Amino acid sequence: MCPGPVPVPRQGQGQGQGEMNGNHVTSPAKADTSSSTSSSTPSTPTTSNTNTKLPVDVKDQISKINEAQSRTSNLTNLHTLGGIDGIATLLQTNIDTGITNATIDVPHRRTVFGCNSLPSSPRQSWFELFIDCIKDDETVQILIVAAVVSLLVGMYDDPTTGYVEGCAILAAVLIVSVVTATNDYQKETQFRELSDVSDDGIENIVIRDGVAVKINCKDIVIGDIIKLEAGDAIPCDGILCYCDSLEVDESALTGEPLDIEKNVNLDNSDGNCDPFMLSGCTCTAGTATLIAIAVGKDSQWGIIKAHLEKEQDQTPLQEKLDVMANNIGNVGIGAAICTFIAMITIKVYVAPDYLQDVTLFAHALDAFIIGVTIVVVAVPEGLPLAVTISLAYSTKKMLKDNNLIRHLQACETMGNATNICSDKTGTLTENRMTVVKGVFANVMSEDCVNGNIDMKEAAAEIILEGIATCSTARILPAPKDDEDQRPHVVGNKTEAALLQLSRTDFIGSGSGKVKVDFDVRRAKANFGKEGGSRLFPFSSKRKRMSVLVKNNDSAAWTMYHKGAGEIVLQDCSHYLDANGSIQPMTDSKRHELHETISSFASQALRCVALAHRTDIESVLKPSTCTAEECATLLENHMCLDALVGIVDPLRGDVVEAVKTCQSAGIFVRMVTGDNLETANAIAKQAGILTKDGVSMVGEEFRKLTPAQLDAVLPNLQVLARSSPEDKHHLVERLNGGLMPKTKEEWMEIHPGRDYDTEKDLLLPGYYDEWSKGLGRNGVGEVVGVTGDGTNDGPALKAADVGMSMGISGTDVAKNASDIIIMDDKFSSIVKAVLWGRSVFDNIRKFLQFQLTVNVVALTITFLSAVAGYNPPLNAVMMLWVNLIMDTMGALALGTEPPAMDLLNRRPYKRDASLISRPMWRNILVQSAYQLGLLIFLLQNGPEIFGCEDGSTHHFTIIFNAFVFCQIFNEFNAREIGDVFDPFKKLSTSPMFLAVIIFTIGAQWVIVVYGGDFTQTSPLTYDEWKVTCALGAVSIPVGYLMRQIPISEDPESFAGLSVAGNDDNAKKNDSSSLSTFVFVVLPIVSAVGYKLYLD
């Protein structure tokens, strides 16, 4: 980190005092260049030429100080260009007031030097995707070759009609490839739209025309002065103007695993100066002000990305389906070989009448084409396609539910989450902080909203100064669209509550009233400047922050401190009274204040303490001290100034959302930095902490051995006063993470570390666990974690699904997460679970539908060949069936909207089979019915319908019946368990209805107009009625098969459900019976009676 807030040497630098006018800076005042909004120094601004436009050749000069992995040469060139002053002059900007006349200058800079957005990787055109459909599928290539051979042979044998079959097969392949390419193109379009939404969400504070404004990171231009603090992503390449305790994670760009300490002192003799900030990296500690020198594609990250072409990784479900598809494809290849051999054998040894006039070569070619077609049909390309379609559909819908999916696999993984470790503030609560109670200068107030408190000016001055300076929150001008034109507070909501309190007449009312604007106090502190005040930001690990403020009049230093009530209190040896005097902290007073903290906590109030210390220079040198020195040497023997109780109301939808999660078998845990009593109070209100639940503090948690932790985990519902490391350890213990099982695994994870002295690196007690051979119990949970802070990054990455907060989350947390909860609400997490389960169930629906088609198509083709019949389904017919069950089926079933009853069951285990026992029952029963029907029509069709055995008309009847079996079975496939409700909420499934209508229409066209092209003949009205009715019988078969008592394997479920699942099952049974009695039976009876009359 920086040894002190020393700026790069500047030419002609002077000191002066400007004026503040509300939230705007008027010349010669400057916008604040640290974590505050405004500053008052220096008075001699660096040149910003508003009369000329920035020349184009500036880019070439700037590039000399921004070469990758060349810090030494970059520093040399920076010196040559005159340091920061020289860069500011070159870029015609001002370090303190930013770009002048920004309305005119900024558009020019954006036009000449580009905007701050990275170029998208070139997308494939539709034609390229179409070619890929053919190029990447070997079976399709074989089919095309076979079709061409068939075409040539057919034209040789019969020039008039011999071309038909070959052309028909080629046309069918063309249609399938066109549909697949169109789906792929639309999928990529949707994902690019989602990516654009994700990129648009990052905002930064910049200084323009002397005013701090918040803008989208894409609107940053060269020469902008940008303010950053811990947790912010660096939006562009830049040079530091000022910094304090700054550390940057550059691993994304350089691969360096350790945070880099930044230093802006060019005259640093030890050679450790590093003022270069790189886009794509993140600030992990401290504050910074930088000047933008390269944006967008000209930044180092932009240059690297231009050479990258990242392919979308497959999700776990896609990988699992690929394995299944390969297995099914192998079965199909076996069936194709057997069918080919059977057809050749029939021709050679049986020689039935229908083959008398067919040559062996022609028959072998037909058998080969049918065999290849079987492979095409058998290989379920629709399985991965169904996942893609379902994910594309779901992610777009989830965005409307305030869930922005950053990594596709998170969508499906969230559906099987067994644990959710949730933050309290902003997720369970509204993050709308208000100070309602407090002790100020030893004066108690029970109503800080409507009341006021009387104290001497000296006491009020200390408290107000501490609130104003010990803060990283900012007050910005009101947005233009704000009707009330109220100032906008940006930053930590706890600090915002204190700032709002300081702006009222509550503190110091009466004779000792002190009314000084917050911005003026911040400006006087002169943060980040040479010889100015120091800021050591809030640490979620230590639960406190400090600032060292230099008094401009006396040159004396004061430390103002803020943190968790009980933590700060234990380090205070004195307290402030209403007269502004400092009194010794007696045991009775300490006990009294502890009771006050407990009282606040029991009322679910967050307790924050304010303190100060004045003997700074006798302990250390404030201008150069480090954060560690401040924490060790100064954060003790302090004077307690105030204790405040801050209310953060529970969100109105939290109780129901938590109950829903528990009903779904998801264990909800609260992990918070608040004290135990406050956390317990909120957890009880939310329904998280139950009678048998366990709550503990982080200090106690850290002392547990793994065996002890495993014993506590089943009931651990609240972890209070926890650090980010505690959350990380909790997650890794739940899901297994990277925690070592053995000494060897530990040493592999930590190469070069000493095992004997560091074996307890992750959690205490690992050696005991290994030596006793206890193993690791209770791991393997699917864990979702919420986080909003910089230090939450490790826990978010360790979780199966990391969820950052879109409103309160830092850039670091968002970049580490899989899902961004756009509204910060816990109820949105429940919606993510619902959509995740919907994706999983939709894939299973499609799988149930497709396997039924596969079994029937392959079996009937093989049996007919063995029995001496010409296969009733020719190549074109089977390709049409393939289109129905692959692309059409994926569209219909992959886009089914979620139903709330998905949350009435427990999540599935990671290794649960994709095909459940009830699904196998449904597949086999439907396949048995359809096979029986087709075999019956194959043998008895000619007699029933009065057509020639084996004729085109005969096979058209079989084909039509088979297709309508699939159409009606698609309704059955909408339910994968024992529930029978095939027509449930059809109005909410427009894609399903569209696919059904299209399939029926296309089937009618194929049958009526296909002719020689598809080898079909038009059917009579009665034949249409009968084949449709036979297909419709699949519906009552769907009800009857669900009466076979086959239940889901209990071992396939994970988690513990608190809901009445038995009641849900009974309700579903009742619904199924009602549907059958009042919907299916009347329809079947009417159709049967009509057929009887005909």
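Keep in mind that glycine also has a Cβ here, set from the backbone N, Cα and C atoms.
No curator has checked TrEMBL annotations; they are predicted automatically.
What TrEMBL says about this protein:
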COMPBIAS  33-52  compositional bias 'Low complexity'
DOMAIN    77-155  domain 'Cation-transporting P-type ATPase N-terminal'
REGION    1-57  region 'Disordered'
TRANSMEM  162-182  transmembrane segment
TRANSMEM  328-349  transmembrane segment
TRANSMEM  369-393  transmembrane segment
TRANSMEM  851-869  transmembrane segment
TRANSMEM  990-1011  transmembrane segment
TRANSMEM  1073-1093  transmembrane segment
State the non-local partners of the transmembrane segment (328-349) in its own chain: residues 6+ outside its ends, Cβ under 8 Å from one of its Cβ atoms. 355, 358, 360, 363-364, 366-368, 370-372, 374-375, 377-380, 851, 854, 858, 861-862, 865-866, 868, 871
Tertiary contacts of the transmembrane segment (990-1011), defined by C-beta under 8 angstroms and 6+ residue spacing from its ends, are 876, 880, 884, 888-889, 891-893, 895-896, 956, 959-960, 963-964, 967, 970, 974, 1017-1019
Summarise the model's confidence over the domain 'Cation-transporting P-type ATPase N-terminal' (77-155) as a mean pLDDT value. 80
Could you put numbers on the helix, strand and coil content of the domain 'Cation-transporting P-type ATPase N-terminal' (77-155), residue by residue per DSSP? 52 helix, 1 strand, 26 coil
